[in-house]
Amino acid sequence: MQSIKKVIGSIDFGILSPQEIRKMSAAEITVPDTYDEDGYPIEGGLMDKRLGVIDPGLRCETCGARAGECPGHFGHVELARPVIHVGFAKTIHRVLESTCRECGRIKLTDEEIEEYFHKFEVTGNRKKAKDRLIKEIHKKAKERMVCPHCGAPQFPIKFERPTVYWELRKDEEGNEYKHRMMPSEVRDRLEKIPDRDLPLIGLDAEKARPEWMVLTVLPVPPVTMRPSITLESGIRAEDDLTHKLVDIIRINNRLKSNIEAGAPQLIIEDLWDLLQYHVTTYINNETSGIPPAKHKSGRPLKTLSQRLKGKEGRFRGNLSGKRVNFSARTVISPDPMISINEVGVPMAIAMELTVPEKVTEFNFEKLRKMVLNGPEKYPGANYVIDPEGRRIRLMENNLETVAEKLDIGWTVERHLLDGDVVLFNRQPSLHRMSIMAHRVRVMPYRTFRLNLSVCPPYNADFDGDEMNLHVPQTEEAQAEAKILMEVQNHIISPRYGGPLIAGIQDHISGGYLLTREGAYFERTEVEQMLMFAGVDVDRLPEPDKVENGVELWSGKTIFSLLLPKDLTIWYRNKLCDEPGRCEALEKLIEEKLIPDEEEVRALAYDGFTYILNGKLLSGAIDKTAYGREDGKLLDIIVREYGVERARQFLDQVTKLAIWVITHKGFTTAIDDEDLPTEALDRIREIIREAEERVNRLIEAYRNGELEPIPGKTLEETLESKIMAALAEARDNAGKVAERYLGMSNHAVIMAKTGARGKILNITQMAAMLGQQSIRGKRLYRGYRERVLTHFKPGDLGARARGFVINSYKSGLTPQEYFFHAMGGREGLVDTAVRTAQSGYMQRRLINALQDLKVEYDGTVRDPTGIIVQFRYGEDGIDPMRSWKGKTIDVNRVVLRTLLKLRGKG
């Protein structure tokens, strides 16, 4: 008979009563020791066999089971004096303040009590409203200095962390004095509180009587929860909880014997406080106000609270996050030859991880062969499962027997094969593209292989990064992964609506080298690059020109072979330095829409990309074509031709770019930053002018002639103007360097096409570093009135405050190097701090928002049905499927319609 499924309505947490603790206990623990001289558990000790066993060969004296089968049983310690449970110390203080010290009633009149009970009924199960009422009751009751029920005078109670309570009494003469309430007195007070008043202080008489917060009996956890370990030397090492329990029992026994011997009250109170300390640190060893309990080595003990708390604790470490089967982890390596949705899996992993496949009449022979291959020969299988659910491990001696038995309806756990769907993940998993579905490509060697275009969403590089692979085990999981998680479905970022999986670095530089003006290729080169890129063409297009009898094809013609045949798009790219030429082309297109190809070629310019019906007529390919965030061309292909076509385009265009960059050569060396003498002279002139300008500003400031900027002091005005002058000098030096280096320089190509770095990086390499800053200001911290002792006190000049006139190429002086290190340190600290802050912020957001979902009516609601948003994101628009925040790109729709109409006409 099937078990009836029940839905959990609610969970109530309570406190164990002393009676319950004794009832669930298998033994009273009285001996502060664990094992005798022969290594056997001592009876009545902390490893008593009635609490369970961990040693093989021993049997539990409670359930009779052996180690591994016995779940363990609780014991208990009868405390000689009550102690406060540190977890409830604040609650005890609140309850003491709210109730009468004589009769135990809550310090409200009967009418007020009735009124609040009525309010409780109205609030129902709304926790926040109930908490507000309880707070209000506490505030009102603690201010009453005379009990409304018995008329007894009341005294304020001061709580001293972690577990001490003082009553501020007055003597007959009216002088105030402090009386310490010992835990036994606190317990007596709490026992007086009648059950009927408990709901008003937020307690439930059945589940949490207030006196249970003061411990008289301490539960001792089972041995299985705190096992001993035997070190290499043969010495037994006890668990931290056992250490703490030894302390508790030892002090408890001393306290008991002192009480029985009639010792002075002072000694008893000292031992009582010591017992309180040990119980407090046993529950929470990070309690503020008391020193933590430590090992002899000085390491703090990990007690109950620490087992549950924090990243490594029970909840986050073992329940929310745990290790799983059918997963693999290894170092990643680049492979430009596999598709973006593939992952290269090492043979060793493919033979270890398995996919369960049901035997049918269609795959019977294939699976039978795999069973015969077994676990040692690829492609094989590791296990088979018969229809009764019995797992049979395949080994060399049973392969043929199992293969003969194999029948339709059995399940074979086979090795990973090419084309299997797996999940691939890189930590930290910050967004949904940190885990995507890839297709397996089994390969030799020991690293996972990844296409470079998929690095941005994973934020992966190949300097030793490792990634995780998970194999979905059911058809449903595989289908979900295919439909929702495949790489090509995530080319467009849900954050900003532009391409995230795109060409990077060499792909961009190679695209530029292929399509720039004057790039031509011979037939053999064209055939090789098309074959390398996997472009399937029946025949080559007509050559663009013939020189000395050699047919030549332009890079633009070759690139066009990769594009959809009816694609039309134009835009200014990153190389547009001459706006006039771009405007001329824009004007021509606006006038004619489909201009003559020859007219376009006459005006063609690398800075303006124009593709008409799948032919690249003008412009070089750079980051704005298929780069991350900017890739207009890739964006259009995804939206208008689908993700599969976009995947094919990206695979082909990146291989093409890599072929070009490999065969044409693209290196950057130290001499790429060499500037001619006239350029260096011009940069020196710019530096001299900037320093003179700064000196004039300083002179004006010292003479009182500097006009303050509104809202700033004179000092702030001076600093602001100096920073502006020096930033302008650096920019001007950069322009000089850029002009002299030109587009034949590989570093400039990388910067201008958006492949890597910026012109600023080239400026710093070739011209000068410029002003170093901390928090947007010039350097000012260091020695008194100066940053370094190499300068005079009070020197406000450019060089004394972090202006570096040298470049990386020319080398920095010792002073400049020190300034540069100061600026760089800020970047490192900022990165570390930002990472920690954003990680913590994300965790809080996830915990706050994890139970919200979009319902079928389009609203965002929490589990109780409360509406959080009427439309997801207030507009219901998904950036992945929209165009710049709008549901549709109207201009694009109009353009495509006009092109179709013109094409027919």
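Positions of Cβ are set from backbone N, Cα and C atoms, glycine also.
From a predicted model like this one, the values you see are computed outputs, not experimental measurements.
Look at C60 (Zn(2+) 1 binding site): DSSP puts it in coil. What TrEMBL lists as Zn(2+) 1 binding site is C60, C63, C70, H73.
In the three-state DSSP classification, C103 (Zn(2+) 2 binding site) falls within coil. Annotation comment: TrEMBL describes C100, C103, C147, C150 as Zn(2+) 2 binding site.
The Cβ neighbour count for D465 (Mg(2+) binding site), using a 10 Å radius over every protein chain in view, is 17. The Mg(2+) binding site annotation in TrEMBL covers D461, D463, D465.
Residues 714, 717-718, 721-722, 725-726, 728-729, 732-733, 736-737, 767-768, 796-799, 803, 805 of the same chain lie 6+ residues outside the coiled coil (680-707) yet bring a C-beta within less than 8 angstroms of a C-beta in it. What TrEMBL lists as coiled coil is 680-707.
Among the features that TrEMBL reports, domain 'RNA polymerase N-terminal' is placed at 211-515.
Counting only residues at least six positions away in the same chain, the Cβ atoms of C100, E102, C103, R105 sit under 8 Å from the Cβ of C150 (Zn(2+) 2 binding site). C70 (Zn(2+) 1 binding site) is surrounded by 23 other CB atoms, counting those within 10 A of its CB over all protein chains shown. Under DSSP, C70 (Zn(2+) 1 binding site) is assigned to coil, being neither helix nor strand in the three-state scheme. Ranking the binding-site residues C147, D461, D463, D465 by the distance of their Cα atoms from the Cα of C70 (Zn(2+) 1 binding site) places D465 first. Between H73 (Zn(2+) 1 binding site) and D465 (Mg(2+) binding site), the C-alpha separation comes to 46 Å. With respect to D463 (Mg(2+) binding site), the closest of these binding-site residues in Cα terms is C60, chosen from C60, C63, C147. Under DSSP, D463 (Mg(2+) binding site) is assigned to coil, being neither helix nor strand in the three-state scheme. The two recorded residues, C60 (Zn(2+) 1 binding site) and D465 (Mg(2+) binding site), show a Cα separation of 48 Å.
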